[in-house]
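In Swiss-Prot this protein carries:
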type: DOMAIN; residues: 2-74; note: domain 'RRM 1'
type: DOMAIN; residues: 95-166; note: domain 'RRM 2'
type: REGION; residues: 170-250; note: region 'Disordered'
type: COMPBIAS; residues: 177-191; note: compositional bias 'Basic residues'
type: MOD_RES; residues: Ser183; note: phosphoserine
type: MOD_RES; residues: Ser185; note: phosphoserine
type: COMPBIAS; residues: 192-230; note: compositional bias 'Basic and acidic residues'
type: MOD_RES; residues: Ser201; note: phosphoserine
type: MOD_RES; residues: Ser218; note: phosphoserine
type: MOD_RES; residues: Ser243; note: phosphoserine
Amino acid sequence: MRHVYVGNFDYDTRHSDLERLFSKFGRVKRVDMKSGYAFVYFEDERDAEDAIRRTDNTTFGYGRRKLSVEWAKDFQGERGKPRDGKAVSNQRPTKTLFVINFDPIRTRERDMERHFEPYGKVLNVRMRRNFAFVQFATQEDATKALDSTHNSKLLDKVVSVEYALREAGEREDRYAGSRRRRSPSPVYRRRPSPDYTRRRSPEYDRYKGPAPYERRKSPDYGRRSSDYGRARARSPGYDRSRSPIQRARG
């Protein structure tokens, strides 16, 4: 059985995505995913060679990133699962563990907590789409859990456990939290009220208020009334023009 190294895929790439891709070239025994890279184990060495030749430097995933596929070197294999079956990591030990390869649909935070709490006090479990962070109270508990749970089964899935990069995990959470808390306030609370009062009230006063209506109507109505009054003023003249004739005939 030979295994190949796969790198440069999207961070949210799933275990099933890689298994589906490389199963096209032969029987895949297992896929061991790490943080940013993976090892794909083929039953036949010729299938592994064919997969390297046809997938290296090809685009993959939603981000259309170019894969890096090559034969796995001995030191790369030791970072995953050595012959004695224990986990080996060249990362600095932290209190937080990085967990992948679990079932993202069936696995809940409580399932993850039950899986790790026999090895120490679990302070926090943060689950994402297809990976999780498990934070322990002490460094000793985290190391004990890493040695005991790497390549263990969680809901019928063999999970991979490593030390988390503390800086990357904390920055992600702080950025996501601040973005959720602060983005609604300037858009919803600050903008609508001043725009509404400044834009609508002057137009309403200029076009719908009672003052312009009275200024437009009253002069016209007054002029028409004065003309009517002048028309009625001719009646005395009419009476005066007819009265001499009527007097003469009389």
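If you go along the chain as it appears here, the first residue is 1 and each next one adds 1.
The backbone N, Cα and C atoms fix where each Cβ goes, and this holds for glycine too.
Note on the domain 'RRM 1' (2-74): mean pLDDT across this stretch is 88. Assigned with DSSP, the residues of the domain 'RRM 1' (2-74) fall into helix, strand and coil as follows: 23 helix, 26 strand, 24 coil.
According to DSSP, the secondary structure content of the domain 'RRM 2' (95-166) in residues is 23 helix, 25 strand, 24 coil.
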